[in-house]
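**Student:** The structure follows.
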Amino acid sequence: MSGTLVRMAGPTVVAEGLAGASLNEVVRVGEERLLGEIIRIEGDRATIQVYEETAGLALGEPVEASGEPLAVELGPGLLGSVFDGVQRPLSELAAREGDFLGRGASLPALDRARAWEFEPAVAPGDRVEGGVRLGVARAPGAPDHPVVVPPGVAGRVAEVRAGARRVEEPAVLLEGGATLALLERWPVRRPRPARRRLPPDVPFLTGQRVLDCFFPVSAGGTAVVPGGFGTGKTVLEQSLAKWAAADVVVYVGCGERGNEMSEVLDEFPRLEDPRTGGPLLARTVMIVNTSNMPVAAREASIYTGAAIAEYFRDMGRSVALMIDSTSRWAEALREISARLEEMPGEEGYPTYLASRLARFYERAGRVETLGGAEGAVTMVGAVSPPGGDLSEPVTQCSLRATGALWALSADLAHRRHYPAVDWSVSFTLEGDRLAGWFEREAGDGFGALRDEARKLLQRERELAEVAELVGTESLQDAERLVLESARLLREGFLRQSALDPADATCPPAKAFEMLRLFLEWHRRAGAAIGAGVPLRSILDTGLGARLLRLGQLPAAEVPAAAAALRADLSEALARMEAE
């Protein structure tokens, strides 16, 4: 089916003669066959968002409908790849086209020439359905790739073709003539089905103490990370990619500046995966859509990332989907909405911004897959509010749709406190659901310690305002102890060095032991002050400096170091009280 161009407005064009076309159908626009997607149909007129630069198009040029929705290719070779927002392989296109892509440039997302050794797990006569594992695809230098039956496909196996297969070649033939290859295609805007959702009672461990202990998120949960320029969003996401409990990381660079994305592309291949010792990129899929790329492709990029993440989830893997940033995606939505002449909402964003964000975040979750395995997609969406204003629409809509807020503070970042998570603004809605897991796995009383630490930090904020007016020396020793204990907690527990091998990640048991010791120091020092011991004498023992060094110790050495410090604290306080 083909039509002709009758109207153009930036990345949005209108074609007529497409009466039989469907919403979200892929089309090729103009003589250069630019990629586009139908976003509105009125009679035989279709409004199309074009995923490439539209300058130079002329009225009357042909528009050809494909009959298929915008879809991604899923199969062996995804891991370690870098795509643009509509899954064009950037490395291969750069080798063919140079550093700047020509219009209409297109290549298959997965390498058609590469051969994979298919080792089947089914035999003729077996009945298979969506989610059943067909076998494993292997290739030198690549991780093993499970091959599963796509959702909606079922039948009895007629023939299995083991051995070297290219991704498009049939690997399993079903009775009735249907074939299953290593490659499948899936519409990006349609969530992949699962057998059932599982309760969110297992945490998504990040390795960052401030997040795991104070603001945890469940595996399959959602978190929003708002922060202004220079607050460490990218460094935090790199730390999460490296240390979080995820088998696969899907990183979507949505509308960020080109130099920032080039820095990420330069650094990611050099990051070492602590699990395997190999490059972190080997278990990462990167989707790059910079701010100078067409705005429509930016809108599609997060759905491309979600479809890829759900594909790996259906293999029984835990996937971390990171979007940097949803603000740029919302700006693309605003521009497209303006081109469509829709009624604007707050700050010009479309009125359906909240529902679109909520629908996207609903694709996260911990599920039992169609094949009976357990998989999860955990979403972490960065937000770039102008001027750090958390009351702007994208942040507020994200807060309503997600389970945690990890707010980054420019003030903490300027003080070189990383991760710069503001504990006075951040929150989680999943703390109570995850409390049982932390009590079992980290240590009994974990929740009580966390609440005590929060109260200590809140008390410090109150006293800091008084101290600014009258000076620290005017406070009583008990009040000055609160300030000192909170300082130790901030610098020794909440702050982490991403460059220190022992401190870059922290397991829950180590975090529990550290938190217990910090608060025990505060309680026992407070009791000693109540018995008449001056605060200066307690500080002169040097035990506070030893507390600050706990995080730099390997997790296996922390219990012994904590026991020694606890014994020295008891001895020092007993001696001072006796004097």
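Each residue, glycine too, has its Cβ placed from N, Cα and C.
Sharing the feature lines straight out of Swiss-Prot:
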type	residues	note
BINDING	Gly227, Gly228, Phe229, Gly230, Thr231, Gly232, Lys233, Thr234	ATP binding site
**Student:** I'd like to know which of these binding-site residues, Thr231, Thr234, is least surrounded, judged by other CB atoms within 10 A.
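**Tutor:** Least crowded of the binding-site residues Thr231, Thr234, by Cβ count within 10 Å, is Thr234.
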**Student:** Per DSSP, to which secondary structure element type does Thr231 (ATP binding site) belong, with helix, strand and coil as the options?
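**Tutor:** The three-state answer is coil.
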**Student:** Pick from Gly228, Gly230: which of these binding-site residues has the biggest number of other Cβ atoms within 10 Å of its Cβ?
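**Tutor:** Max Cβ neighbours within 10 Å, all protein chains included: Gly228.
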**Student:** Might you list, by sequence position, any residue in that chain lying six or more from Gly227 (ATP binding site) with a Cβ less than 8 Å away from its Cβ?
**Tutor:** Lys233, Ala382, Val383, Ser384, Gly388, Ala407, Leu408, Ser409, Ala410, Ala420
**Student:** Could you name the residues, excluding Gly227, Gly228, Phe229, Gly230, Thr231, Gly232, Lys233, Thr234, of the same chain that surround the ATP site, i.e. Cβ within 8 Å of the Cβ centre of those residues, in sequence order?
**Tutor:** Ser384, Leu408, Ala410, Ala413, Ala420
**Student:** What is the total of other Cβ atoms whose distance to the Cβ of Lys233 (ATP binding site) is within 10 Å?
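**Tutor:** So the Cβ neighbour count for Lys233 (ATP binding site) comes to 26.
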